[in-house]
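Sequence annotations record features per position, and here TrEMBL assigns domain 'Homeobox' to 27-71. Summarising the annotation, TrEMBL assigns DNA-binding region to 29-72. Here TrEMBL flags 74-275 as domain 'TLC'. Taken from TrEMBL, the feature transmembrane segment applies to 83-103, 123-142, 207-226, 246-267. Annotation source TrEMBL lists region 'Disordered' at 282-327. Annotated compositional bias 'Low complexity' per TrEMBL: 306-317, in sequence order.
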Amino acid sequence: RFIAKPCAIHLGIQDSGPHRAQPNAILEKVFTAITKSPDGRRLEGLSKQLDWDVRKIQRWFRHRRNQDKPSTLRKFCESMWRLTFYFSIFLYGLRFLWTAPWFWDTRQCWHSYPFQPLTSRLYYYYILELAFYWSLMFSQFTDIKRKDFLIMFVHHLATIGLITFSYMNNMVRVGTLVLCLHDASDFLLEAAKLANYAKYQRLCDAFFMLFGVVFIVTRLGIYPFWILNTTLFESWELIGPYPSWWLFNGLLVTLQLLHIIWSYLIVRTAYKALVRGKVSKDDRSDVESSSEEEEGTCSSTKGALSTSSNGSNPSNGHVAAGQWAEE
């Protein structure tokens, strides 16, 4: 309210939502009481009742669904808040871990386990992360529904379970490594969204390209060969397996499977951009398409980059800003 909104207004982002549907009592009643996506038979009936073309009625329902979506200004403020949190907590965790012995030698995570002291900095790091992921869990049901809703739901459950379980079992040392590693790429994604909302498309492309590289390196490289190596093999050697050890590693492996899925989506989007020259829809985009897209117009600003650059919807170096807005 006091920081993000003034920044958005300064960048020329207006508080205007999607195109609003034409007021119609009959269609509004169908939308609120029966269905938000009428089938062909119902569309034909409404067409005869209103003497409207079927295409016009379909467009009305699309506009009506889209008008409940948040404005660009609201999404800018939300992304700026997430960027602030992710970046701040990443710097805090990195500064804290830089002087921690287990950051440089992961075997230190299991020495003298479970009799390891819980410092105040480590405690607050855990509590802040846990509170934030609980907020994401609840807000997911009120945000725009996306295609990866189930994947994100499983991810939040696994993350909250890992944070809580590792805290209860005093596995906080390795837990801090997992948290810091995941925060390394998240703020880059939010930065790309902010650049897109502000129509700085080249900057958006650059941030997303960096996000993709960092995500794949950390989630498919460092995470399995550094984190899973110590939780699966070094811990087995130093403290041996026990019932909660299996559950803890089961959650960590679940996260790795999600990392593989998301990395596949990122690579597939980039592949489509290089082969086809354009990508019409992001793999994580909203279920609903915008009214502007339905009418076949392109209201977004495109930035020209080299063919090797990426974006949420890269297209040979051209990324439509509206697609980032949907993401």
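Every residue gets a Cβ built from N, Cα and C, even glycine.
Between the transmembrane segment (207-226) and the stretches 83-103, 123-142, 246-267, it is 246-267 that has the most C-beta pairs under 8 angstroms.
The helix, strand and coil residue counts that DSSP assigns across the domain 'Homeobox' (27-71) are 31 helix, 0 strand, 14 coil. Confidence in the domain 'Homeobox' (27-71), given as mean pLDDT, stands at 80.
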